[in-house]
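The next block holds one structure in the form of structure tokens; read it before the comments.
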Amino acid sequence: MARVPPRPGTDPLPLRGVRASFGYALAGLRLAWRNQRNFRLEVYIGLLALGLAVWLRVDLVPVLLLVALVLGLELGNTALEAVVDLASPNFHPLAKAAKDVAAAGVLVVSVIAVLIGLLLFVPPLLRALGL
């Protein structure tokens, strides 16, 4: 595989492999942004949550962790769907099960992120609104 960077210690320019890896990761982000509506929606929601956290002076660490978790899992789901489609271009119940379970993982994490977001944001939001 030409895209796999060389093993550590075998490349006379070790940072070249790191730079290439970042390039592949950025290409994956561009691909997800262009082709995955849910990824774009989750990015917008994450930015909204971060803006709300700054405005309400909520600790940014849990918000950043939740946004990263949802986006990372969505990217993993997208990768898994691509691999399943490649391995099983025709319908197969196991391919469907793999894709459905991966999507369920994103759903579970997203719902829990919303619940945690409510716990983090509602009290300071009510205070900010004078309620």
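Cβ atoms are placed via backbone N, Cα and C, with glycine included.
Any TrEMBL annotation is an automated prediction that lacks curation.
Quantities reported herein were computed from a predicted structural model and do not represent experimental measurements.
Record check, TrEMBL: substrate site residues include R30, L31, A32, W33, W55, L56, R57, V58, and the candidate from E74, E81 also listed there is E74. Between the candidate recorded positions, E74, E81, D100, the densest Cβ environment within 10 Å is the one around E74. Around K99 (ATP binding site), the C-beta neighbours below 8 angstroms that are at least 6 residues distant in the chain are L80, E81, V84.
A straight line from the CA of R30 (substrate binding site) to the CA of D100 (ATP binding site) spans 24 Å. Residues listed for substrate, R30, L31, A32, W33, W55, L56, R57, V58, E74, cover a largest CA to CA span of 34 Å. Its Cβ placed at the centre, R30 (substrate binding site) has 10 other Cβ atoms within 10 Å.
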